[in-house]
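Working notes, beginning with the structure itself.
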Amino acid sequence: MSAVVKRFLSTVTIKSVPSKAHHHRPLPSTTLPAGYLLTGIHAGIKKVSGTPDVGVILSTSPRPTSAAACFTRNVFKAAPVVVSQEVLNKNGGRARAVVVNSGCANAVTGKQGLEDAWTMVKETDSLLSSDPALENGTLVMSTGVIGQNLPISKIVSAIRSQHADQPSTRSLDNDFYAWERAARAFMTTDTFPKLRSRVFSIKGVQYRMAGMDKGAGMIHPDMGPPVGSQLHATLLGCIMTDAAVSPRSLQTALTYAVDRSFNSISVDGDMSTNDTILVLANGAAASDGTGNYADEIDEETDKESYEVFKQELTAFAIDLAKLVVRDGEGATKFVTVTVKGAATYEDAHKIASRISTSALVKTALYGEDANWGRILAATGSVTLTVPLDPQKVSVSFIPSDGTAALPVLVNGEPENVDEERASEILGLEDFELCVELGGLGTEGATYWTCDFSYEYVRINGDYRS
């Protein structure tokens with residue numbers, strides 16, 4: 001930490017950051033999707049001995065596994081992003097494994113970085129049963145410090161320890177502990193492993209979905225699909241389901257879900273070079289009850305089933321995305337920003353994003369100050385498809401405890417705010433900030449953000465991204 005930061009922090013009274021450990025909870029075995037093996041291994045990238053820093057996820061389903069992804073739009077795309085895009089495009093949306101490392105982003109590492117990413121792919125491919133349809137079946141992700149090369153020999157050794165002929169070191173499994181090990185292999189400045197699962201049914205067939213993500217800083221994602229994209233510590237996530245979904249429909253559903261989840265969160269407004277969200281759908285549970293597998297869900301042939309799956313995936317992605325904000329570096333608040341009455345979803349989303357990334361708004365949230373002027377300033381700085389009428393805008397704070405909302409601006413006119421009530425609401429760990437645009441349309445959007453604290457300065461003064 002620099003002397004300047006140390007002097008600054010020594011002069012202020014710092015509010016303690018609440019523990020976030022309670023957001024980590026076990027996953028019931030009945031909610032874990034069939035046909036996957038996972039683990040997390042200590043390769044030696046991280047300094048703390050025994051800490052997982054390489055994660056492996058394998059699909060063992062006899063059916064082809066569909067894969068979809070949304071990647072960062074940052075111009076400085078990391079090597080694993082480039083390689084995973086190539087694998088997906090070459091395979092037509094099929095893959096059977098994921099390998100991830102933490103502690104080194106393998107970003108801005110030139111030719112060597114690309115070679116290392118391909119080495120991780122090929123070494124993990126060797127854990128899979130042969131599939132003549134896929135030259136490479138593994139997608140790769142990395143997170144950590146930018147501009148440093150991977151200790152690739154350590155990573156290769158860790159991956160090889162999972163071969164079936166290495167029973168003393170092989171730890172691949174499908175119980176909760178295996179999922180937790182894999183989730184810990186994703187972590188950098190995270191304070192807890194982020195895991196969730198759910199069970200859902202489509203036309204009488206029960207499916208399971210589980211996933212993990214990581215991220216606490218350098219969080220303001222803007223991710224898109226691998227085909228046709230411009231190709232925001234990093235956001236990484238992997239979702240696995242035992243439903244059968246066609247590659248095309250899986251990608252369409254993921255793109256929709258990511259826009260309403262991971263692309264709707266912000267910790268600090270900084271987009272990473274490595275942001276990646278992956279989904280695998282292996283069809284291992286897609287039996288019609290007669291022992292035969294059901295057809296893959298496809299948007300064109302079965303719109304009803306596709307819509308159910310899309311909404312389940314979106315709800316699940318939102319749950320995972322919220323965990324990232326709750327673990328925001330130094331965060332003491334979890335704030336839902338809702339914008340209503342916009343002409344388009346995109347307009348509402350832009351305003352919610354601007355509010356959520358405003359340093360002035362975020363520091364006011366930390367100070368528990370109902371400074372609605374900063375909210376209006378952020379709102380009014382966005383160019384909309386239909387011009388905003390300042391005399392019709394309303395702002396309110398909504399507590400998470402079910403008590404009454406507190407309007408602070410109604411139709412452009414300031415309210416006589418009860419400061420004691422405002423302090424009660426803003427003193428909560430969770431609350432909502434709602435902006436109503438006054439009837440420009442019927443569209444709305446939701447963003448999730450956190451406050452800026454002194455602890456954020458300390459963490460990022462100590463940690464090199």
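Using the three backbone atoms N, Cα and C, a Cβ is placed for every residue, glycine included.
Keep in mind that this is a model prediction, so the values were computed, not measured.
TrEMBL lists THR188, LYS214, THR234, GLU329, ASN460, SER465 with the feature substrate binding site. The Cβ neighbour count for THR188 (substrate binding site), using a 10 Å radius and every protein chain shown, is 23.
Annotation source TrEMBL lists active site, nucleophile at THR234.
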For LYS214 (substrate binding site), the three-state class that DSSP assigns: strand
Densest Cβ neighbourhood among LYS214, GLU329, ASN460 (binding-site residues), 10 Å radius: LYS214
